[in-house]
Amino acid sequence: QICNQHNAEAPNLEKVFHRMAHTEPNLDHDISWFLLPSYWAKLLVALISFLCFANSYDGDFVFDDSEAIINNKDLRAETPLGDLWHHDFWGSKLSSNTSHKSYRPLTVLTFRINYLFAGGFYPVGFHVINIILHCTISVLMVDVFSILLGGLQFSNKGRRLNLAPKTSLLAALLFAVHPVHTECVAGIVGRADLLCALFFLLSFLGYCKAFRENKEGHNFSIFWVLVSVILGAIAMLCKEQGITILGLNAVFDVIVINKLNVLELIQKLLHKDKSLEHAGLLRKGLLFRITLLMSGGASILYIRWRIMGTGPPAFTEVDNPASFADSLFVRAINYNYYYSLNAWLLLCPWWLCFDWSMGCIPLIKSVSDWRIIALAALWLCLIGLMCQALCSQDSHKRRILTLGLGFLIIPFLPASNLFFRVGFVIAERVIYLPSIGYCILFTYGFSLLSKQAKKKKILAMVVLGILLVNVMRCALRSSQWRSEEQLFRSALSVCPLNAKVHYNVGKNLADKGNQSAAIKYYREAVRLNPKYVHAMNNLGNILKERNELQEAEELLSLAVQIQPDFAAAWMNLGIVQNSLRRFEEAEQSYWTAIKHRKKYPDCYYNLGRLYADLNRHIDALNAWRNATVLKPEHSLAWNNMIILLDNTGNLAQAEAVGREALGLIPNDHSLMFSLANVLGKSQKYKESEALFLKAIKANPNAASYHGNLAVLYHRWGNLDLAKKHYEVSLKLDPMAPGTKENYNLLRRKLEQLQRKGG
């Protein structure tokens, strides 16, 4: 649908467009830079952006990828697709008290498609899609920057003109190679920011399509305005920042389409100047389009609010310390300091870190703190740019500076803590969209310097050097994101005061079996943050495994004292108390853990072990049965049920439980082994033999498997095979209990048979 809004007082718009193309200053005129055809410019940007992040394609799942992808049940085929619309980004129900309210169903849907096509959790496919998305976005930026820097103008045939091919290429290259984007591209959870940016840009380009020129005068297409709103909604369903494109489209309409002087407009509104009636706002359809954008945005936010509910996300003080400060002054000062650090990351993206929380940036608590200088510098720059954007007599400068500041500030607003508390101090991923504004301002500054400089080529070489340094920094940072070990260790030099960095290095070492080194980092994490309950829990676990039970109990007791609903710490405390033979306290700790986490199969499993130690067999079986109901693939619980029933002579029941377990976990060799033992005792030798052999095929180096199969052959009278498997068992484990005695018995029997035969 086309709305014809004819302005009788204005000359033919087509002529206006072409006259503007000649009279407006051209940024390209003064800079010494590459001039390439549009196709080659886009190909160059795609190639450079690919080279920056190509080495991340075969990286692992790292950091938040575990929670958002590996542990997210919404990716699995058995989860109904409809659940994606009621769960947050991490797979939790939006109604849950623990939900972060990050509603990004379309991003999760792309993860699910990745998972289904790959046939499992193979990170290569996930990384490749991220790299392709960034390349696509960088290519789109050539068109976006050509509009933002050169203006929106069309040829007689309705084809959009690129009036700034050099500067749009430079700005797109700056965007493509910015190292701060590494987290979005090399970290798989950054898919949310990439998809959001893609639809964000498509929404902007769609809005621009609404203003094609034709012979009837100044027209705009309602269809393309509505498409822009829909694309903005899709961007928001990928990540929350997407909604801000509707505000930016409105700013673009005011500044570029209607060419209004914002300062003059504000003055006229304040003085109720009647000349506003002749400003052409209604005739050009500005108010109508702004109303469409505002109505669309309000509707999107209302629907999202209805889906999410009214409850705010639950964050802790360690996530965002400034937001928990009692003093409004302290909160304001620190928020502004965070803004200055984000600005510094755009200007000098050398010190990059996967996490900036937990003491990485100590709070500013007084005006005597030297870091106040950073706030002053930030606001001096912003106020200076804003004054030029509002008051400059040069309309071209006003337009570019306003758009640059708009794209820098507006997409950052959801992460600013101004409207609601966010769960981070600084997050490099949220600067992905604001970096568009930075690239506009950088490119405009470069054009102004080039205009004044006598040796333009030297200035161009400096900018080219910046691009090359950024390419190398991207490649280095991408390699750090390939594995958790490299990623976590890279943060030690950037944020040595961050307890979470030390915690993650320790966790990575513990997962690799290096407990001694892990203890060192866990202790440092607890020293830096004495209330870090997760570090206490993990350190307590390691000490428990090393039989340092007294210190383990102290740490875990302190953890549950600090956070009484910490179910995992209660369970681990119960395990330690059980080892110390304080059974009543252990039982109480287990039940406290279950009270705080109703569906806790591991806790039921450990409770069952406690009851088995106390010879409370029925209670043990019930606890293990609860574990398998909550987690049908809980192999240890199934095994313990089979073994307990076997040991108490309930062979028929043990066989039934074993068959039920193998029906659910058919490839578990430990279950095959346990059921084979039961069948052997029940004299079902053939079936028992088949299960033993299957278990040995799956795990050929288990001495007990060979030893028990030898016992089966011994009972069955197949003495040669019994001898063979006894020998294999003893070779694998010379100290295997009972095997040597059985083997000696078999040898004596074979010797007796030989003598009789002789």
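From the backbone N, Cα and C atoms, a Cβ is placed for every residue, glycine too.
TrEMBL lists transmembrane segment for one of the ranges 337-358, 403-424, namely 403-424. Here the repeat 'TPR' (499-532) has long-range neighbours at 63, 318, 353, 355, 357-360, 484-485, 488-489, 491-492, 538-539, 542-543, 545-546, 555, 562, meaning same-chain residues at least 6 beyond its ends whose C-beta is under 8 angstroms from one of its own. Confidence annotation: the repeat 'TPR' (703-736) carries a mean pLDDT of 88 in the model. Here the listed stretches are 39-57, 220-237, 286-305, 430-449, 458-476, and the one with the most C-beta pairs under 8 angstroms to the transmembrane segment (188-208) is 220-237.
Sequence-distant residue pairs (6 or more apart) of the transmembrane segment (458-476) and the transmembrane segment (220-237) include fewer than 3 whose Cβ atoms are under 8 Å, leaving the two stretches without contact. Sequence-distant neighbours of the transmembrane segment (39-57) (same chain, 6+ residues past either end, Cβ-Cβ under 8 Å): 124, 127-128, 130-131, 134-135, 138-139, 141-142, 165, 168-169, 172-173, 176-177, 182, 185-186, 470-471, 474-475, 478-479, 481-482.
Listed by sequence, the residues of this chain that lie at least six past the ends of the transmembrane segment (430-449) yet keep a Cβ under 8 A from its Cβ atoms are 27, 30-31, 141, 144-145, 148-149, 167, 170-172, 174-175, 178, 180-181, 184, 190, 193-194, 196-197, 200, 241, 244, 342, 345-347, 385, 400-401, 403-409, 411-412, 414-415, 459, 463.
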